[in-house]
Amino acid sequence: MTMHEFFENFGIKINDSKIFSTALTHNSYANETKTKETYQRLEFLGDAVLQMYVSKFLYLNFTNAPEGKLTKTRSDIVRQETLSEIAKMIDLGKIIRLGQGEIKSKGYEKPSILSDVYEAVTAAIYLDQTEEVLISWIKSTIFKYIEKNDYKELNHDYKSELQEIIQAEIRSDLEYRVESQKHIEKDNKIEYTVSVNLDGKKYGIGTGFSKQEASQNAAKDCLNKLKKSAK
């Protein structure tokens, strides 16, 4: 699939091919081909564009949410993990320009590269297309992902909730431990298993593709068990 064919699937007729090629160019490709520009500057702009439109979406759809809650939710949505999943969802990796070394190491599957290129492409659309086309792109990618996933659940801070309960009981023996980590080959990710311990006993267990995610899931498991034991 060519670059033009890929974007035509989203109703985007490219005007400036150079800016889109730049948005898809990794450092490794630029070094091998002596290309001057890479996606890094566009990534910078794309991050700001996404921040603005996601902020507007949250402001208009969560009219009673306080500023802190909106900020946390936005961070959950525009983080690397989420953006890389969106890039995978639309097969963006297939058109990224990588050097041979990155191709061999499957750079087209790496979350850091995928999320950066998604931001860079968003910037290219912002510069090359109308706002209507840009909004259509954002709706069909990042907002589509939001609709498929319970991001309200992602926004809930189980660790803070558990900490508040422990503090209310005047206890300070809450501890999180990394029990194990393993490489998930098909996803090219590290899955962590974290336990939460109270009074030296394991009360919750959780897994995730980051220590933070696994800790949140462990805290959620612990909260569920504490609530059941309180009945």
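Quick reminder: no glycine exception, Cβ is built from N, Cα and C everywhere.
As written in Swiss-Prot, here are the features:
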- 3-130: domain 'RNase III' (DOMAIN)
- GLU43, ASP116, GLU119: Mg(2+) binding site (BINDING)
- ASP47: active site (ACT_SITE)
- GLU119: active site (ACT_SITE)
- 157-228: domain 'DRBM' (DOMAIN)
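On the structure: features taken from Swiss-Prot.
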residue : record              : Cβ neighbours (10 Å)
GLU43   : Mg(2+) binding site : 19
ASP47   : active site         : 18
ASP116  : Mg(2+) binding site : 26
GLU119  : Mg(2+) binding site : 26
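According to DSSP, the secondary structure content of the domain 'RNase III' (3-130) in residues is 94 helix, 2 strand, 32 coil. Sorting each residue of the domain 'DRBM' (157-228) by its DSSP state yields 29 helix, 28 strand, 15 coil. Restricting the average to the domain 'DRBM' (157-228) gives a pLDDT of 87. Each residue in TYR39, GLN40, LEU42, PHE44, GLY46, ASP47, SER115, VAL117, TYR118, ALA120, ALA123 lies on the same chain as GLU43, ASP116, GLU119 and has a C-beta within 8 Å of the C-beta centroid of that Mg(2+) site, without being one of the site residues.
Separation of the C-alpha atoms of ASP116 (Mg(2+) binding site) and ASP47 (active site): 9 Å, rounded to the nearest whole number.
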